[in-house]
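Just below is one structure, and these are the notes that go with it.
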Amino acid sequence: MEARGKVVGVIGNLVTIEVVGTVSMNEIVFIKTGGRSLKAEIIRIRDGEVDAQVFEMTRGIAVGDDIEFTNKLLTVELGPGLLSQVYDGLQNPLPELAAQCGFFLERGLYLSALDRKKKWHFNATAKVGDIVVAGDFLGFVIEGTIKHKIMIPFDRRDSYSIVEIVSDGDYTIDDKIAVVENDAGGKHIITMSFHWPVKIPITNYKERLIPSEPMVTQTRIIDTFFPVAKGGTFCIPGPFGAGKTVLQQVTSRNADVDIVIIAACGERAGEVVETLKEFPELIDPRTGKSLMERTCIICNTSSMPVAAREASVYTAITIGEYYRQMGLDILLLADSTSRWAQAMREMSGRLEEIPGEEAFPAYLESVIASFYERAGIVVLNDGSFGSVTVGGSVSPAGGNFEEPVTQATLKVVGAFHGLTRERSDARKFPAINPLESWSKYRGVVEFGKTEYARDFLAKGNEINQMMKVVGEEGISNGDFLVYLKSELLDSCYLQQNSFDSVDAAVNPERQNYMFDMLYDILQSDFKFESKLEARGFINELRQNILDMNLTPFKEEKFNKLEVSLKNLVRSKKLDFRGA
């Protein structure tokens with residue numbers, strides 16, 4: 001029986017609907033009000049009534065308004081044309097919305113996610129008679145700098161034989177590309193695009209692997225001390241203004257991935273505007289073209305309805321999984337998952353559910369875990385590899401890492417990059433605290449060496465705390481030297497100048513080279529007559545290494561600075577291993 005319904009109650013963006021007929025959980029409905037149709041999602045079903053969260057402002061909705069049931073889940077359209085686009089959480093292209101509406105977007109306006117008029121040059125790789133299943137490739141089109149594979153839709157459950165496939169040429173996303181037939185004789189027309197529900201993971205692959213290969217970000221403190229693996233997960237918690245968004249932008253520019261997807265879910269409008277303005281101007285170091293050519297942005301600012309924040313996170317991860325199915329490496333950056341969790345808390349309160357810690361819903365941990373678990377590296381049907389790496393920033397109030405969202409995130413991620421107010425106020429970038437952060441993945445530098453360096457940083461911090469109480473004169477020369485060496489490692493290796501063309505991105509070879517040099521200095525034993533002499537010597541080393549950081553690797557100036565550094569160290573200690 002076809003469902004019929006009317007509005008019987010409205011609380012904020014939660015609408016209660018009286019229903020006659022059969023409905024399903026997470027079904028999309030349209031509320032007819034004032035000549036508009038507002039999209040909503042059913043989130044609770046009770047006897048004769050359902051509750052739906054509306055993705056728009058609910059002003060004007062009245063008791064008795066009619067409901068249109070779609071019998072479909074919230075889906076995204078997948079196909080050529082997703083890259084370089086800016087979408088809202090419901091996959092409406094924002095530039096086209098702005099062209100139609102001006103500065104203030106209208107309610108109830110939903111546009112096609114993909115350009116239906118643009119023609120793509122299709123190159124067939126399959127042929128008539130081939131046996132295919134969901135996720136298999138029929139051919140490809142060139143989208144920006146990547147080969148966008150045209151696939152059998154993921155919802156096809158049978159094995160099919162190709163009975164017809166078009167020749168190479170230009171086609172729109174709605175044109176027939178192929179006709180496939182199953183064993184029962186049922187034929188299906190395949191086009192370049194199809195829809196997929198955002199809350200259901202795409203699982204059309206042979207095998208899921210354990211992430212092991214490092215995803216090189218070219219940020220020293222991450223790659224060396226707290227690495228992220230391709231197909232892994234990481235989080236960047238930190239107080240407001242600590243540099244989370246900037247660190248994510250630097251990562252997206254330099255990371256060793258094919259495609260970057262940014263989900264700005266609930267960030268302040270000013271930060272989202274900054275991202276939208278900066279990204280088209282950024283040059284991709286790999287291609288020399290605009291970074292936007294391999295980027296897709298899904299944005300819902302904190303001023304937009306809360307329900308759309310949740311949608312934007314799921315839309316982004318689904319698009320990431322789609323490109324993973326082509327054998328590509330994807331990086332998804334969610335900024336910020338705290339605002340998504342706050343949206344869940346708001347909706348949970350309206351549903352009158354029993355609250356958990358700090359009024360967050362009791363199911364907060366399982367929802368966050370289900371999102372991060374969609375990351376991973378997989379073996380596809382043709383034997384190639386694809387990965388989705390997920391990084392979420394968390395904005396705990398006051399930088400308190402003990403709050404529920406941070407704790408729920410820490411239980412499921414593989415790396416933790418904790419930013420602190422103390423380091424950001426000291427103008428240290430990245431402001432990642434080397435003593436609180438951790439990673440379960442393998443980095444670009446040998447693990448034993450990095451552990452030795454971290455122990456050195458911990459000792460240096462202990463001595464620094466002691467000096468705040470007893471002063472420099474209250475500690476031995478040996479302890480003071482340990483403190484100076486830890487500061488040398490911090491300033492010359494853990495910090496980076498993102499505005500310098502050389503120091504902004506450091507490849508693994510250079511990271512290993514510079515770390516070995518510093519590692520030898522940490523292990524060397526120096527003798528000084530006074531603390532003043534020790535400080536002067538370490539300051540000379542620091543300036544020399546900082547100059548090397550700003551100089552292109554292995555060029556003449558770099559080599560001269562290296563010789564100068566070795567001579568300086570040799571003057572105080574003969575067994576310097578870099579000599």
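The count begins at 1 with the first shown residue.
Backbone N, Cα and C atoms are what each Cβ position is placed from, and that goes for glycine too.
Annotated ATP binding site per Swiss-Prot: G238, P239, F240, G241, A242, G243, K244, T245, in sequence order, evidence recorded as sequence analysis. In sequence order, S395, P396, G398, G399, L419, T420, R421, S424 are the residues near P239 (ATP binding site), counting only same-chain partners six or more apart with C-beta under 8 A.
Highest local Cβ density among the binding-site residues G238, G241, G243 belongs to G238, counted as other Cβ atoms within 10 Å over all protein chains shown. Other Cβ atoms within 10 Å of the Cβ of A242 (ATP binding site), summed over all protein chains shown, number 26.
For the recorded ATP site, residues G238, P239, F240, G241, A242, G243, K244, T245 set the reference point as the centre of their Cβ atoms, and the other residues of that chain within 8 Å of it by Cβ are S395, L419, S424, A431. Here T245 (ATP binding site) comes close to E267, E271, E274, T275, D335, S393: these same-chain residues lie at least six apart in sequence, with C-beta atoms under 8 angstroms from its C-beta.
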